[in-house]
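K.L.:
This structure is in structure tokens; I'll ask about it shortly.
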Amino acid sequence: MRPPKKTIHVISSWIQRQPPKVKAFLAVVAGMVALVLLRAIVHDHDNLFIAAEAVHSIGITVLIYKLSKEKTCAGISLKTQELTAMFLAVRLYCSFVMEYDIHTLLDLSTFAATLWVIFMIRFRLKSSYMEDKDNFAMYYVAVPCAILALLIHPSTSHHIINRIFWAFCVYLEAVSVLPQLRVMQNTKIVEPFTAHYVFALGVARFLSCAHWVLQVLDSRGHLLTALGYGLWPSMVLISEIVQTFILADFCYYYVQSVFGGQLVLRLPSGVV
């Protein structure tokens with residue numbers, strides 16, 4: 001019998017040889033299969049959203065462990081952490097004024113942990129911060145999200161400011177990981193703890209996306225109506241799908257690296 005690792009390596013090599021369109025098709029098929037499995041296994045799909053936030057918290061915990069144990073922040077994007085703190089702060093505000101629940105508590109713990117990571121990078125471990133590699137301008141992300149939120153936001157009965165803030169945090173969350181991907185693109189080598197963190201983000205994004213897609217399917221589209229009218233319902237789904245596919249490529253190479261027994265993840269050109 002062929003060893004499992006060898007089989008996985010053969011499949012991985014075959015996928016790498018395929019053209020981009022075939023890879024995209026395989027990714028969509030894999031995503032659909034995963035959604036079918038989640039729909040069969042998880043009966044209360046709200047648990048997927050809670051799981052997404054929990055996995056995000058685990059990812060931040062991995063970063064905290066790295067900073068505490070290795071005393072270095074090399075390979076970590078400060079800008080991604082600041083964008084994460086920004087959308088979490090806005091989402092916490094919206095939660096307090098619009099709907100306070102278990103998600104608020106999870107966001108609060110993740111927000112506090114993210115602030116600690118930012119503090120460590122900016123002050124305690126500043127000498128190891130790779131500022132030259134973390135060169136993605138934050139306004140390239142924040143400004144378009146703010147403009148989009150002004151134009152497309154929920155049509156609920158809440159105050160207009162709260163609705164704009166809600167839309168802003170949805171859009172910003174979708175693209176907040178881009179500076180981290182730029183750092184990895186610049187270095188081409190991702191050490192284990194940073195790779196674990198980014199993979200956790202990818203899993204969290206997928207679970208969040210699965211939550212929304214399955215909710216729409218189960219409600220036969222009524223959920224979109226409940227979210228309001230106009231472009232907003234579609235933008236919520238698009239944002240979830242975008243943030244999932246942004247990390248899909250990296251997650252593939254992460255899984256390949258883990259099964260290959262590699263401690264350090266080396267990214268080929270063109271990835272992320």
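A Cβ is built for glycine as well, from the same backbone N, Cα and C atoms used for every other residue.
Keep in mind that TrEMBL annotations are predicted by a computer and have not been checked by a curator.
Taken from TrEMBL, the feature transmembrane segment applies to 21-42, 48-68, 104-125, 137-154, 160-181, 193-214, 234-255.
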K.L.:
Hey, which bits of the same chain come close to the transmembrane segment (160-181), Cβ under 8 Å, at least six residues off its ends?
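P.N.:
For the transmembrane segment (160-181), the list is 76-77, 79-80, 83-84, 86-88, 90-91, 93-94, 97-98, 134, 136, 138, 141-142, 144-146, 148-150, 152-154, 198, 201, 232, 235-236, 239-240, 242-243, 246-247, 250, 272.
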K.L.:
Using a Cβ cut-off under 8 Å, which residues of the same chain at least 6 positions beyond either end of the transmembrane segment (193-214) come close to it?
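P.N.:
Counting only partners 6 or more residues beyond its ends, the transmembrane segment (193-214) has Cβ contacts under 8 Å with 31, 34-35, 38-39, 45-46, 48-49, 51-53, 55-56, 58-60, 62-63, 65-66, 70, 75-76, 177, 180-181, 184, 236-237, 240-241, 243-244, 246-248, 250-251, 254, 257, 265.
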K.L.:
Should the transmembrane segment (104-125) and the transmembrane segment (137-154) be scored as in contact, given a threshold of at least 3 Cβ pairs under 8 Å and pairs 6 or more apart?
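P.N.:
The transmembrane segment (137-154) and the transmembrane segment (104-125): touching, no.
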K.L.:
How about long-range neighbours of the transmembrane segment (48-68): same chain, 6 or more residues beyond its ends, C-beta under 8 Å?
P.N.:
38, 42, 76, 102-103, 106-107, 109-110, 113-114, 116-117, 120-121, 124-125, 193-194, 196-201, 203-208, 210-211, 214
